[in-house]
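Engineer: Got a structure for you, written out below as structure tokens; questions coming shortly.
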Amino acid sequence: MQWRNSKDRYGHLAILLHWIIAITLYGMFGLGLWMVTLGYYDSWYHKAPELHKSIGILLLLAMIIRVVWRWISPPPPALSSWSHFTRISAAVAHILLYLLIFAIIFTGYLISTADGKPVSVFGWFEVPATFSDAGAQADLAGEIHLWLAWSIVLLSVAHALAALKHHFINKDGTLRRMMGKPSPDHGVK
Ligand code: HEM
Ligand code: HEM
């Protein structure tokens, strides 16, 4: 096991976090869209938002670990075959994805705590409410939350298509090094 990132691949911790967080985000997107359609008498009416909020807070912890780890163990550098456009667009997309994920968690927190109630994480611990304005806060945060959710999904799909293009068309090591396989830069077109 190589936990740390190195110059020719992402390490296992960054890879684990990348894929767990990606799957969780798509799951949260589906769960969010579904749960707002539930009627009051549905047995999931309370359970689904509890699950959505609990997973959301755990995702925040995973994201904090991910950013701190990125700082302790920097990611591999750009492949020499990447164009100037690829380097800039990848860097911008990655920064945007990080910002959008933190923002969606924050707006979710604002929706949930608008009435002054804390967020309980599976009953294990609670995140207290800080800003609570039962007025427009939940509606506004809810609207932004939905926009952020679509932005993350669309941007991450573009990001995934770019990764697949590198793998199948350029045939370089971009995707391989996010799969735990070393991808030495030499020999790459
Ligand atoms: C981390 C990624 C997250 C994603 C992708 C996500 C996605 C969504 C989506 C798509 C909806 C449906 C919005 C609508 O149709 O109006 C939703 C609703 C909601 N989310 Fe999230 N969410 C996330 C995190 C969170 C977090 C961390 C919390 C709270 C701590 C939260 C609390 C809520 C609440 C309370 C609603 C219901 C809003 C309403 O009743 O209109 N979400 N979420
Ligand atoms: C919601 C889903 C996703 C999110 C939020 C996401 C986010 C990110 C972020 C922030 C990075 C930069 C990592 C860093 O250096 O700090 C990254 C890298 C990467 N992602 Fe994703 N990702 C998602 C889904 C996917 C999918 C579905 C694929 C492939 C089909 C993919 C392939 C890659 C690859 C290959 C890299 C490494 C790029 C490089 O070497 O610079 N990602 N992803």
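Glycine is no exception: its Cβ is also placed from the backbone N, Cα and C atoms.
Pulled these features from TrEMBL for this protein:
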- 9-180: domain 'Cytochrome b561 bacterial/Ni-hydrogenase' (DOMAIN)
- 12-36: transmembrane segment (TRANSMEM)
- 51-69: transmembrane segment (TRANSMEM)
- 90-111: transmembrane segment (TRANSMEM)
- 147-169: transmembrane segment (TRANSMEM)
Engineer: Taking the domain 'Cytochrome b561 bacterial/Ni-hydrogenase' (9-180) alone, what is its mean pLDDT?
Structural biologist: 96
Engineer: For the transmembrane segment (147-169), give me same-chain residues lying six or more residues beyond its boundaries with a C-beta closer than 8 angstroms to one of its C-beta atoms, as numbers and ranges.
Structural biologist: 22, 25-26, 28-29, 32, 86, 89-90, 93, 96-97, 100-101, 103-104, 107, 175-176, 178
